[in-house]
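Q: Annotations per TrEMBL:
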- 1-20: compositional bias 'Polar residues' (COMPBIAS)
- 1-56: region 'Disordered' (REGION)
- 78-100: transmembrane segment (TRANSMEM)
- 106-129: transmembrane segment (TRANSMEM)
- 141-165: transmembrane segment (TRANSMEM)
- 185-202: transmembrane segment (TRANSMEM)
- 214-237: transmembrane segment (TRANSMEM)
- 249-272: transmembrane segment (TRANSMEM)
- 279-298: transmembrane segment (TRANSMEM)
- 310-334: transmembrane segment (TRANSMEM)
Amino acid sequence: MSINPQQPSSGPGRNSSAWNRSGGPGRQVPDQPANPSWMGHVQPQNYRPAPGHSGGAVHQVIPEAASTVAARPGAGTLGLVVGGGILAFVSLFLVVPFLLASTGVTGFVIGFVASLIPLAAVLSTVAVIDRWEPEPKRLLLFAFTWGAAVSIAVTLLIQPVFALAAPATDEAAFRDFMTTVQAPVVEEFAKSLGLLLLLLFARRNFDGPVDGVVFAFTIAGGFAFTENILYFGRAIAESGTPGSDLVQIFFLRGVMSPFAHAIFTGTTGLVMGLAARRWHSGVSVLAFFVGLVPAMVLHNRWNSMGQDFLAQYVLVQVPIFLLAVVCIVVLRVAETRLTRQRLQEYAAAGWFAPAEVELLSTPGGRRQAVRWAGAYNRGHEMKEFVKAATRLAFTRQRILSGRDVPLHQQDEVQQLRHLTALRAAVQQ
């Protein structure tokens, strides 16, 4: 059936000529690449038509079974999640005692609760950015626990090495070195190691700039969460006026700069994601080191703000934040254009009707389709159909990039079967 809410006569259980007209043998499929945006650029030698649809009847398949097969993680992803969980658990034996020694029990509890507020802001932003092509929750959990536990432990282990290299002239010079040199270098390296592992072991899910930003923001949100526990807890444990000091530090970190770490590490994720979209893993690994440079520079500039903090915040940090917002909007628009173009190629091969592509490639169209299906008690099935179509579009983009083509073509076959099963579920 055609999932066009403007055609209620093609509701669940009805036959749809739009679906049968959309393709089949003899359908003309473009043989040249269409580049909807810089994000979806394809070299002509890598282009290949979408696989054709037989045009026959769609067999009804139990959608739950198809979903289980499609969602099964690969060995690399499974190993990453399990290994990351073990590392996070072990890291807690270093991180938690450090926090308790620095804040005390009362400071730890209050700091933990207060840190949830800026964390909620960051993770809510991640959810908005990630809405178009959601990342697997298991990988987001890995990213968060890496930031909140493992990267903190790595920082604590490397800090003493940098302390040996710090100038020993006076205490002020030592603190300045640790704040403006050690912290940007060590913390950004520790956080971005999680990005590198995601790139190496979850390559199918880390294949574009939006993926890089989503994972980077999640890692940075976890790191800032634990760091805020330390700062907020110290305000309680070490101050003679804990209430006012907590309000002051909370305003500085939780209100004025909840996205500071996210923006720092987000630049690394952006660079790695851009490389992952266009090149093989080797170049993407090189992009890890390239992406660390802007992250460390931004982190250094933030930590270097002194007595003229307010002026630098308004003149430098606010514009950087606004630039980050613009960048995210541009990435989201590019994602929608890429989705539309790749789904149009599948429509030309017979897998979608043209009206379906328009609905699946715009936020408003998706909401409209879900509302329409909800009237037939098929809202959940339609949401899964939308997600599956989006994953298919990005799988095609990976195929057209020319890297690991046989592997991604296997994914394409599975996803097309899964999509057919979901279509049958919506038709019931």
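Cβ coordinates come from backbone N, Cα and C, glycine included.
Worth saying up front: this structure is predicted, and the values here are computed from it rather than measured.
I'm curious about the neighbourhood of these features; can you describe it?
A: Within the chain, the transmembrane segment (78-100) has long-range Cβ neighbours (under 8 A, six or more residues past its boundaries) at 108, 111, 138-139, 141-142, 145-146, 148-150, 152-153, 156-157, 194, 197-198, 201-202, 226, 229-230, 233.
Within the same chain, residues 80-81, 84-85, 87-92, 94-95, 98, 123, 174, 177-178, 181-182, 185-187, 189-191, 193-194, 197-198, 215, 218-227 sit at least 6 positions outside the transmembrane segment (141-165) and bring their C-beta atoms closer than 8 Å to a C-beta of that stretch.
Counting residues 6+ beyond its ends, the transmembrane segment (185-202) has Cβ neighbours under 8 Å at 76-77, 79-80, 84, 139, 142-143, 146-147, 150-152, 154-155, 158-159, 162, 212, 215-216, 219-220, 223, 261, 264-265, 268-269, 272, 276, 281, 284-285, 288, 291-292, 295-296, 299 in the same chain.
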Q: When you scan the chain for residues with a C-beta under 8 Å from the transmembrane segment (249-272), skipping those not six or more beyond its ends, what do you find?
A: 114-115, 117-118, 121-122, 125, 184, 188, 191-192, 195-196, 199, 206, 209, 211-217, 219-221, 223-224, 227-228, 231-232, 235, 284, 287-288, 290-292, 294-296, 298-299, 302, 313, 317, 320-321, 324, 327
Q: Under an 8 Å Cβ to Cβ limit, what residues of the same chain, 6 or more beyond the ends of the transmembrane segment (106-129), are close to it?
A: 99-100, 140, 144, 210, 213-214, 217-218, 220-221, 224-226, 228-237, 246, 250, 253-254, 258-259, 262, 328, 331-332
